[in-house]
Amino acid sequence: MEGGNSPNLQLQQLPLATAEVSVQPHTDSFSYKENLIGALLAIFGHLVISIALNLQKYSHIRLAGSKDPRAYFKTKTWWCGLFLLVLGELGVFSSYAFAPLSLIVPLSAVSVIASAIIGIIFIKEKWKPKDFLRRYVLSFVGCGLAIVGTYLLITFGPNSHEKMTGENITRHLVSWPFLLYMLVEIILFCLLLYFYKEKNANYIAVILLLVALLGSMTVVTVKAVAGMIVVSIQGNLQLDYPIFYIMLVCMIATAIFQATFLAQASQLYDSSQIASIGYILSTTVAITAGATFYLDFTGEDILHICMFALGCLIAFLGVFLITRNRKKSVPFEPYISMDAMPGMQNMHDKGIAVQPDLKASFSYGALENNDNMPEIYTPATLPIVQEQHGSKGVSAPPYRVLEHSKKE
């Protein structure tokens, strides 16, 4: 009986082994196509978002420079920008359902490249060729480096794919590597929030690291939600799993808090610094979260991982050079410049301003209103009082200071 059963067992195992060997090349080809689809959707989305933001900015500037009494939301340009913005966000959102998280996140450099190119094309000043090249040489070099880095990211990006079903996401959510990562991230976030709120540590690195930690959870939940929606559209309904709604709530909450910290950072620091440092920190933390939660780099060889890391570094350098070339906003000086006028006294005397800024006013001159002149500049009078001797021989003070009020 044993000799009769062994051939049957061998015949049953052979088709399984053959099936595994035949499926593997097809899976690699299909996963590469998914990577390409996801990368193209992300690039398209970031390009459209950049164009949309510039259109809306153009609408605001055009209304501010004209006598048009209409509000910005009543112009066609602003609504066109809003439509393109929604379209671009949908493209980026859907890209997470096809390609790994670690591949999609660094492609946000495309938005910085597009903004730099749009700014150069639509610039209104007329430059000489030498001045133009000298002024924008860093932008050209940065765009070239960012494009090279993007190419390396797409070519050597992680190639791991799995169906975003409720069972798979739940299994990743309770895995010990992700739980350990979440513990470290929560402790780090609480420490940074304590120093930011209680110790007034308003450093740009602290604020943007808070944004990056929240953003890593945002992209993890975005991939889960987008993947489950795509799987449901394909016929395998996933919207009845509770994990879908948990991920949806976490995605909305982290996105709102992320926008809040970004708004606070934009009030304290220049937008070019926020763009470069925020991109580097957010991309690094998001790739770490994707590698921990979705195991993006499992099964990848050392060469692909090193080339992918090189692409990230080149993209980081390109974005840094692009944002470094932007003009920094010059704060308004509420004083009349005496330096530019020959024969006039210097504006500052040992660091002390000649004309003080009264009541934080941005009006030229020393006064806001001439009616306040007696109230501000009337000196205190020192009337002389006759010395009077009391009965006990105590002398009164020789004078006293009388402060004049506005009624007097």
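Heads up, the Cβ atoms here are built off N, Cα and C, so glycines get one too.
TrEMBL does not curate its annotations; it predicts them automatically.
The feature transmembrane segment is assigned by TrEMBL to 36-56, 77-97, 103-123, 135-154, 174-196, 203-231, 243-262, 274-295, 301-322. Taken from TrEMBL, the feature region 'Disordered' covers 389-408.
By number of Cβ pairs under 8 Å, the transmembrane segment (301-322) is matched best by 274-295 from the list 36-56, 77-97, 174-196, 243-262, 274-295. Fewer than three CB pairs closer than 8 A are found between the transmembrane segment (36-56) and the transmembrane segment (243-262), and contact between the two stretches is not assigned (pairs 6 or more residues apart). Long-range contacts of the transmembrane segment (274-295) within the same chain: residues 100-102, 105-106, 108-109, 112, 160, 162, 172-173, 177-178, 181, 185, 204-205, 208-209, 211-213, 215-217, 219-220, 223, 262, 265-266, 312, 315-316, 319-320, 322-324, each at least 6 residues beyond the stretch ends and with a Cβ under 8 Å from a Cβ of the stretch.
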